[in-house]
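Q: Handing you a structure now.
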Amino acid sequence: MSDSMESKTQQVVIPEDEECLMSGTRYSDISSRLQTKFGIKSLAEYTKQSRNPLVLQLLSFLFLAGLLLIILILVSKVPSSEVQNKIYQELMQLKAEVHDGLCQPCARDWTFFNGSCYFFSKSQRNWHNSTTACQELGAQLVIIETDEEQTFLQQTSKARGPTWMGLSDMHNEATWHWVDGSPLSPSFTRYWNRGEPNNVGDEDCAEFSGDGWNDLSCDKLLFWICKKVSTSSCTTK
């Protein structure tokens with residue numbers, strides 16, 4: 001084969017549409033130089049062949065570095081144990097508040113205090129009718145069992161006005177009993193107002209009056225308080 005024929009065989013023909021400028025050098029010139037020096041027909045092929053182990057290692061390093069950065073960012077957003085405990089306490093407090101708001105230990109118009117429900121009347125009746133009204137509500141005219149309860153009821157009644165309690169001596173003068181038949185505890189006699197009970201005018205029923213107790217005619221019309229034990233599980237958390 002002649003030298004001219006061999007030269008034509010080795011010559012690479014590059015289409016005109018591949019001729020473009022890259023950093024001031026024509027694409028065709030670069031392709032020709034690659035073909036002459038390395039026997040590569042195009043720049044794309046050169047790019048593929050340039051993927052040596054060093055390049056792959058560099059790419060792997062960059063990938064791992066990026067992954068580590070993402071992990072660090074995610075870990076930094078996780079709350080510390082102290083913050084988690086604070087969040088837990090706030091959630092428990094919120095739960096308790098929601099529980100209290102949704103769970104009612106007493107029926108509507110009744111007031112809860114120390115495990116019992118109290119109904120404070122808005123109307124006035126005599127002592128006997130007040131006792132009957134409480135029974136119709138499934139309760140009793142209030143029986144006082146503790147000093148805390150006495151303080152609570154006395155303060156509430158003082159703001160409302162004279163109020164009946166479930167205490168009388170109608171069956172035996174000067175011997176006071178509650179509506180359930182139990183006797184008045186001697187420790188509670190200190191709650192009588194000074195000079196009371198005096199039984200003036202056949203006063204056989206007890207009322208909350210001012211800062212203490214007073215005996216009064218059972219026919220008088222007063223407010224009244226009913227009491228019953230709360231049976232709701234809401235009373236305990």
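If you go along the chain as it appears here, the first residue is 1 and each next one adds 1.
Heads up, the Cβ atoms here are built off N, Cα and C, so glycines get one too.
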Q: Can you sort out which of C205, C218, C226 is the disulfide partner Swiss-Prot gives for C134?
A: C226
Q: Going by the disulfide annotation in Swiss-Prot, which one of C20, C117 is bonded to C106?
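A: Answer per Swiss-Prot: C117.
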Q: Choose one of C218, C234: the cysteine that Swiss-Prot connects to C205 by a disulfide bond.
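A: Of the candidates C218, C234, the one Swiss-Prot pairs with C205 is C218.
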Q: When the number of other CB atoms within 10 A of each residue's CB is tallied over all shown chains, which of the disulfide-bonded residues C117, C134, C205, C218, C226 has the maximum?
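A: Counting every other Cβ within 10 Å of each candidate, the maximum falls on C205.
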Q: How many whole Å apart are the CA atoms of C205 (disulfide bond) and C226 (disulfide bond)?
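A: Computed Cα spacing between C205 (disulfide bond) and C226 (disulfide bond) is 15 Å.
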Q: Take the Cβ of C106 (disulfide bond) and count every other Cβ within 10 Å, whichever protein chain it belongs to.
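A: So the Cβ neighbour count for C106 (disulfide bond) comes to 19.
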Q: If you count other CB atoms within 10 A of each CB, which of N114, N129 wins among these glycosylation sites?
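A: Within the set of glycosylation sites, the most crowded position is N129.
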